[in-house]
Structure formats: C-alpha cells, structure tokens
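J.: Structure incoming, see below.
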Amino acid sequence: MELVLILNNKVICSHPNILRMHTYFWDEKRIYLVLEYALGGEMYKLLQKKRRFDEPTAGKFMYEIADALVYCHSKNVIHRDIKPENLLIGSKGELKIADFGWSVHAPGNTRDTMCGTLDYLPPEMVTGQSHTAAVDLWAIGILCFEFLTGKPPFEADDQSKTYDNIKKLRMTYPSYVTEGARDLIKHLLQLEPRSRMPLSMVLEHRWIVTMVKKKTDMVEAEKAKLAEKHKAEERYRVNKQLNDSRQGPNLED
C-alpha cells in the first residue's frame, strides 16, 4: 500500500509548485525518498519570522498553491493536509507543496477517513461526514487567513471549542485584512462543500490577480535596484583601478 502511495506521489510531482521526487528505494524496514532540495526552507519558519505576510506575498503564494492543487485534483489526488508546516520554498521564492502523507488517490472522489490538522479540519470532517476534494478548498481558505494574520481563524484553547468555531464559522478578521482578501476567504470557508469557490475561480479572483501583479512589480523593482547597485560598484572598482594605475607605485629613494 505504501509503495502505491509513493507511485501516486511521483505521478503528481511534475508541477513547479510541488516538491519533485527524483526517485525512491527501500530495504526491509523503510522506504526512502530522494526529493528536490528546497533552498528557501520551510514556509512555517518564514511565517513565524515575519509574523504575517504582506498581501502581495500572500496573494502570490495563494495563486501558486491553487495552481498546484488544480494539477493534483486533475490527477484525482486530494491532499487533505494543507498547512504551512507542509509547504516549502524554492530557490526563486516559489511555494512548494512538500508533504503528501495524508493524500489519497480518489477517482471516486469520496472518502470517510478523518485526517489532517485540527485548525484546518473542514466542517464535514468535524461532523463525521464523507469528504471530497473540497476539503482542500477549505484548507486554502484557512491558509490564506493564516498567511495574512499569523494564526488560523478558528484557533481556540481546546479541541471542542475549535470544533465549535469551525461548525459555526465563528471567526474575527483583524482590521488590516482588506475586503478583497476577506471576499476570497469567505468564498472558500463555506460550510457546504459544494458552495466553496472552485480553484479555477480562485486563480481568477480579483484580489489574487491584483496581488500577484503587485508582487511581480515589487520583485522587478528590487531586481532593478540591485542591478543599479552592482553597476555603481563596478564603476567604482574600475575608476579606482584607473586612479591607482595613474599614480603608480609609491617608491622610496
């Protein structure tokens, strides 16, 4: 069974926002995976360091994870445990889904196993119902909120309170979360799975499109600034060499 899951994982590794598995091997006790190296490290640690992401960064990450999930779902794979701890960052700052431990290949599209992480559990799991790929839509709604605020929306002191918050959609937005971001989160965090915004619409959501453009502009501006800095340093180095050559060596009599 484990080997089948690994092969399924390899099938869905051909996407820029999914950590690539190069190969695997096994012995009597373990199965070993040879994975792509994510130079940027762990998403969870970055979020802890930053406390929360600015909206352009959050929007870019949301676009990337939605695009990766479109690919997963097209292969009949439900992830079922989207959270910052299961995401890595590539060499170009791109998000990468890294852990498929709870994922399932579900051509029939319905499952009954309760799995995942408490703060990210969808209401259908909390209430003991069957679930579909729509659990991933709920999860990215939670993820968006956590990207923007630094914590999940239904977090409480104990499990029963968290469950109650989930079932009643009891959550509070900080004042700095904009209406565009709230609109996206609201359309993902729907109690009825069939009412959740599909991934195709997430990719085209106005807030996402706007934030991705802003992030792209920010990155390009930073690149231009860095290039100008390098040019200035090179001009200084060349001028210094010319001045040194004109002065010649300082010889003593």
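Heads up, the Cβ atoms here are built off N, Cα and C, so glycines get one too.
Dumping what TrEMBL says about this protein:
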type     : residues                                 : note
DOMAIN   : 1-208                                    : domain 'Protein kinase'
BINDING  : Glu36, Tyr37, Ala38, Glu85, Asn86, Asp99 : ATP binding site
ACT_SITE : Asp81                                    : active site, proton acceptor
CROSSLNK : Lys83                                    : SUMO2 cross-link
REGION   : 232-253                                  : region 'Disordered'
COMPBIAS : 240-253                                  : compositional bias 'Polar residues'
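What's the neighbourhood like for each of these?
T.: Mean pLDDT for the domain 'Protein kinase' (1-208) in this predicted model: 88.
For Glu36 (ATP binding site), other Cβ atoms within 10 Å of its Cβ number 16.
The DSSP secondary structure for Asp81 (active site, proton acceptor) is coil.
In sequence order, Tyr44, Thr117, Asp119, Tyr120, Ala139, Ile142, Leu143 make up the list of same-chain residues 6 or more apart from Lys83 (SUMO2 cross-link) whose Cβ falls under 8 Å from its Cβ.
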J.: With the ATP site defined by the record as Glu36, Tyr37, Ala38, Glu85, Asn86, Asp99, how many Å span the farthest pair of C-alpha atoms?
T.: 17
J.: DSSP three-state call for Asn86 (ATP binding site): helix, strand or coil?
T.: helix
J.: How many Å separate the Cα atoms of Glu36 (ATP binding site) and Asp81 (active site, proton acceptor)?
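T.: The Cα atom of Glu36 (ATP binding site) is 20 Å away from the Cα atom of Asp81 (active site, proton acceptor).
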